[in-house]
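Report on one structure; see the data block that follows.
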Number of protein chains: 2
Amino acid sequence: MATANRNPEIRTDAVNNRWVIISPARSRRPSDFKSKSQSKSDSNPSSNAQPQCPFCAGNEHQCAPEIFRVPEDSTSDWKVRVIENLYPALSRHPEVKSDHEEYCQANGTAGEVTLGGFGFHDVIIESPVHSVHLSDLSPEGVAVVLLAYKKRIEQLCAVDSISYVQVFKNHGASAGASMSHSHSQILALPVVPPTASTRLDSMKEYHNQTGRCSLCDIHTDKFLIDESTHFISIAPFASTFPFEIWIAIDLGGLLKLTLLKLSLQLNDPPYNFMIHTSPLQMTSSQLPYTHWYIQIVPQLSTIGGFEMGTGCYINPVFPEDAAKILREVEVPKKD
Amino acid sequence: MATANRNPEIRTDAVNNRWVIISPARSRRPSDFKSKSQSKSDSNPSSNAQPQCPFCAGNEHQCAPEIFRVPEDSTSDWKVRVIENLYPALSRHPEVKSDHEEYCQANGTAGEVTLGGFGFHDVIIESPVHSVHLSDLSPEGVAVVLLAYKKRIEQLCAVDSISYVQVFKNHGASAGASMSHSHSQILALPVVPPTASTRLDSMKEYHNQTGRCSLCDIHTDKFLIDESTHFISIAPFASTFPFEIWIAIDLGGLLKLTLLKLSLQLNDPPYNFMIHTSPLQMTSSQLPYTHWYIQIVPQLSTIGGFEMGTGCYINPVFPEDAAKILREVEVPKKD
């Protein structure tokens with residue numbers, strides 16, 4: 001990487017308005033970032049159906065209740081299933097009350113707030129086959145997963161008192177996945193989380209100043225990785241993590257290509273992706289600056305006390321270097 | 001733990017004003033949180049001086065330049081050394097300029113900001129002996145480390161354009177420590193990081209509303225772990241992580257006791273601690289609500305896509321349960 005003698009920089013961007021330290025003195029060669037763990041080996045790719053895996057086709061009865069499947073009209077040959085999480089972080093029963101409420105009323109101080117933990121926590125099973133990961137699917141197969149997200153988000157939008165929906169994927173045990181069968185998750189919250197409201201404020205301020213959307217204004221030269229007809233993947237100007245990628249949302253092709261490139265370049269690392277949507281109660285005047293995007297973060301570095309303490313991240317890789325490396329990955333063409 | 005049938009709660013406190021989901025459905029017994037890794041075994045406790053460890057007494061010449069040592073008047077029998085980080089995240093040369101500046105001036109969009117990466121990144125070696133960890137030191141020994149922090153912070157305060165100092169410790173490889181010899185770090189920043197400014201705003205608002213300090217107002221009944229003459233350790237009301245602990249700052253005794261209890265109860269887990277100070281340019285009117293405290297986070301859970309995406313954490317352990325468990329740890333008395 002051409003960063004060895006470059007000075008550190010402190011950067012912020014107009015989308016998130018958060019500081020990040022990009023520190024090349026801590027940089028390594030791209031090969032050093034290759035993942036040591038082979039997360040695919042967890043999943044025993046030689047076996048297509050694992051008797052003990054509740055997400056595999058044939059084991060549907062072992063799962064928490066199904067919300068819907070794609071395609072809907074079939075009972076057996078599903079491509080994607082959306083189910084309830086067996087261990088939900090929030091309770092989907094609207095009558096849920098905080099056990100703490102009584103205590104709080106008696107003893108609570110002014111600044112301590114407790115809400116009952118109402119919300120939804122769903123799982124999207126991305127394939128009926130245990131050994132198939134998202135980057136193995138066809139672009140159309142990835143599009144079906146994204147359409148399932150969209151449909152579930154629309155259902156959750158209709159629920160009163162849900163304010164924000166977070167779609168995310170944890171790939172690999174060290175990225176937080178407890179099941180090796182390819183899946184992603186949706187959490188619907190009764191509050192707008194801090195990153196979403198900060199992002200919205202930041203994008204609004206940029207729009208007020210310039211009349212444009214800060215996400216649409218992103219440099220597409222040295223930060224570009226790939227582009228499809230309507231969408232781009234980039235290494236964001238103030239990347240929080242090494243090889244962090246954003247995709248202005250598309251339907252399948254670019255997400256598949258990007259995950260494949262990550263896998264090829266960095267030895268199939270554990271990764272997380274998050275879809276950054278708008279809060280659900282949006283006015284039409286807010287639409288010009290609240291585009292959705294996907295943030296992909298391969299797990300290549302450890303979060304330490306500095307990041308936990310300050311909320312400010314140290315990234316050893318300049319995003320323009322990450323973009324160049326990923327732009328140039330050769331993806332083998334299938335016969 | 002008595003949380004198995006309790007409902008999830010969404011909490012926020014008046015110190016940090018950030019949401020956290022406390023989700024007992026994901027809770028395990030306290031024994032399940034015991035760390036699997038024995039981080040002390042990394043450090044080869046049978047050997048007192050390791051020839052390859054630059055932090056060990058006798059290897060001082062292998063380190064980056066020393067800033068000061070305690071006691072100052074001795075050249076060999078130091079207790080604590082403060083040195084420059086060999087791989088600093090920021091550059092201590094005030095003339096550091098961003099290589100990106102020219103590019104930004106030519107191509108930058110309104111919202112993309114780059115600062116030259118000026119700042120200080122120091123290391124505090126907490127003991128001359130390789131096998132000794134912070135919780136092994138006497139309370140007076142821990143106090144010497146804290147006094148070294150204080151002295152270094154005072155030096156950094158005198159530097160123009162430094163706005164915030166973050167003291168932190170990463171204990172164990174999975175918590176981000178690259179050296180097994182017991183050490184902590186100080187990073188001095190030219191900007192006030194987001195958690196500090198959010199905390200300051202939150203504490204100011206509480207003070208405006210109540211006339212009191214939100215940190216001083218913390219419940220000391222069910223959230224209390226231990227107390228010394230002037231200080232307390234608590235499981236904070238809206239703990240972001242399982243078994244997170246705060247100590248309103250003292251000089252040695254309570255920090256040592258708390259780290260010892262964590263080690264005994266949770267099998268010497270990797271942990272991070274962070275000292276939350278005030279920004280350096282403070283007026284006297286801000287002093288009533290800007291007390292320092294230490295936040296200790298044992299590494300017991302993984303950060304996944306939800307936390308990365310939202311900035312909102314899911315904690316499986318109610319802090320009042322963590323407080324009870326840690327309050328009742330029996331610390332063996334030395335003969």
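Cβ from N, Cα, C; glycine included.
Annotated features in TrEMBL:
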type	residues	note
REGION	B:1-53	region 'Disordered'
DOMAIN	B:7-193	domain 'Galactose-1-phosphate uridyl transferase N-terminal'
COMPBIAS	B:36-48	compositional bias 'Low complexity'
BINDING	B:CYS53, B:CYS56, B:HIS130, B:HIS181	Zn(2+) binding site
ACT_SITE	B:HIS183	active site, tele-UMP-histidine intermediate
Close in space, distant in sequence - B:HIS183 (active site, tele-UMP-histidine intermediate), Cβ under 8 Å, 6 or more apart: B:PHE55, B:VAL123, B:ILE124, B:ILE125, B:GLU126, B:LYS169, B:ALA177
Tertiary neighbours of B:CYS53 (Zn(2+) binding site) (same chain, Cβ under 8 Å, six or more apart): B:ASN59, B:HIS130, B:MET179, B:SER180, B:HIS181
Around the Cβ of B:CYS56 (Zn(2+) binding site), the count of other Cβ atoms that are within 10 Å: 21
